[in-house]
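As recorded in Swiss-Prot, the features of this protein are as follows:
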type: COMPBIAS; residues: 25-35; note: compositional bias 'Polar residues'
type: MOD_RES; residues: S54; note: phosphoserine
type: MOD_RES; residues: S105; note: phosphoserine
type: MOD_RES; residues: S108; note: phosphoserine
type: MOD_RES; residues: R127; note: arginine amide
type: MOD_RES; residues: S150; note: phosphoserine
type: MOD_RES; residues: S152; note: phosphoserine
type: REGION; residues: 25-59; note: region 'Disordered'
type: SIGNAL; residues: 1-20; note: signal peptide
Amino acid sequence: MKSLYFVAGLLVMLAQGSWQHSLQNTEEKSSSFPAPQTDPLGDPDQISEDKRHSQGTFTSDYSKYLDSRRAQDFVQWLMNTKRNKNNIAKRHDEFERHAEGTFTSDVSSYLEGQAAKEFIAWLVKGRGRRDFPEEVNIVEELRRRHADGSFSDEMNTVLDSLATRDFINWLLQTKI
């Protein structure tokens, strides 16, 4: 896109220069006063000075155009930088997240290794097999529950007895 603007600006400047040059030629031809013989219009030095002047004007205009383009590009860069909130900080955040993820991954690997060691120790200890030497152990193993907030076996027994008593009272009070 920048090259398109550059080419368009160059064409505009060339067209403007040729338009100004043609106007100057028209004005010189239409002058009502003939040039005296001592006037150096036909002199090659005068032609080269005019040529250098027009080249200098073109170069000056072109330099001004390039300066304005650089200024526009710089402003655009500043706006993009502000929108992106400084790319260096973004890279730093990504690096920190990567480091934190690596740390988390290392901790997870360590904990998995520890869990595997504990499981192997549990299997070696004999907890993996169910040896029921006494019936007390069977009842105790079957009644054991998670610590997830569920009622214990005793609480269920109490609730069952309360429900049974309420049901019997209801039967006695209702006439069938």
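Glycine is no exception: its Cβ is also placed from the backbone N, Cα and C atoms.
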Beyond the flanks of the signal peptide (1-20) by at least 6 residues, Cβ under 8 Å: 54, 57-58, 61-62, 65, 69, 73
Candidates S54, S105, S108: member of the modified residues with the richest Cβ shell (10 Å): S54
S54 (phosphoserine) and S105 (phosphoserine), Cα-Cα, nearest whole angstrom: 71
Rounded Cα separation (Å) that holds between S108 (phosphoserine) and S54 (phosphoserine): 75
